[in-house]
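*Asks:* The structure follows.
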Amino acid sequence: MLNSPLTSVLFVLLFVLSPIYGAFEYMQLVLQWPTAFCHTTPCKRIPNNFTIHGLWPDNVSTTLNYCAAKENFKNIEDDTKKDDLYKRWPDLTTAETYCKQHQNFWRHEYNKHGKCCSESYNREQYFDLAMALKDKFDLLSSLRNHGIIPGRGMKYTVQKINSTIKKITQGYPNLSCTKGIMELVEIGICFDSMVKNVINCPHPKTCKPTGSNEIKFP
């Protein structure tokens, strides 16, 4: 677990703001592994760490997308905030300057998912929360400490990855793989509706390799 300014933001968001709960039942932080993502999508850069795909409020019985909300996305003007976001939540398909100027990826994620928790978190709080939750777990270092190390030719069973992430976060994750080549491309970490505790993801989309039950972690 990391200590950072955004970790302090997390405590403020959870305990001081006292947001209204009930519009969503759980929250999923979706982290993507850039190496695998960029094997199937042209990228401008490939960070050697997990990056944020999105922070998705959801319900167990239905999927929440493009919810009605008073606040639409407005471009982030603060340069420090843009730097913080780009470090943790970059658009891998565009150059840094373009990403920060046009903010298409952040706009898409907020309009599709962030508006579904707007009764609890405004736009600024939503992005702060996503970054703080990512910083809460140094997932790559933790996986390495448990013997799961990315690299060319590295393979692990789905069960080992699931159980290891359970040890790290206290909840079973949502694993996604690229089709065909079975590379681990995303890890979803689920939180309760108050975003205080990690829970088992309600609808885990685990990777389903054939034969050896191993998936690649490139």
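Numbering starts at 1 and runs along the chain as it is shown here.
Cβ coordinates come from backbone N, Cα and C, glycine included.
Worth saying up front: this structure is predicted, and the values here are computed from it rather than measured.
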*Asks:* Just confirming the record: what cysteine out of Cys116, Cys117, Cys177 does Swiss-Prot connect to Cys207 via a disulfide?
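*Replies:* Matching partner in the record: Cys177.
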*Asks:* Just to confirm what the record says: which one of Asn162, Asn174 has N-linked glycosylation site annotated in Swiss-Prot?
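*Replies:* Asn162, according to Swiss-Prot.
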*Asks:* Kindly point out which candidate in Gln32, Gln125 is recorded by Swiss-Prot as part of the RNA site with His53, Asp91, Leu92, Phe105, His108, Glu109, Lys112, His113.
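*Replies:* As annotated by Swiss-Prot, His53, Asp91, Leu92, Phe105, His108, Glu109, Lys112, His113 share the RNA site with Gln32, chosen from Gln32, Gln125.
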*Asks:* I want to verify the bond table. Which candidate from Cys117, Cys201 sits on the other end of the disulfide that Swiss-Prot records for Cys190?
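*Replies:* That record, Swiss-Prot, gives the partner as Cys201.
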*Asks:* Give me the Cα-Cα distance between Asn49 (N-linked glycosylation site) and Glu109 (active site), rounded to a whole Å.
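*Replies:* With distance taken Cα to Cα, Glu109 (active site) is 20 Å from Asn49 (N-linked glycosylation site).
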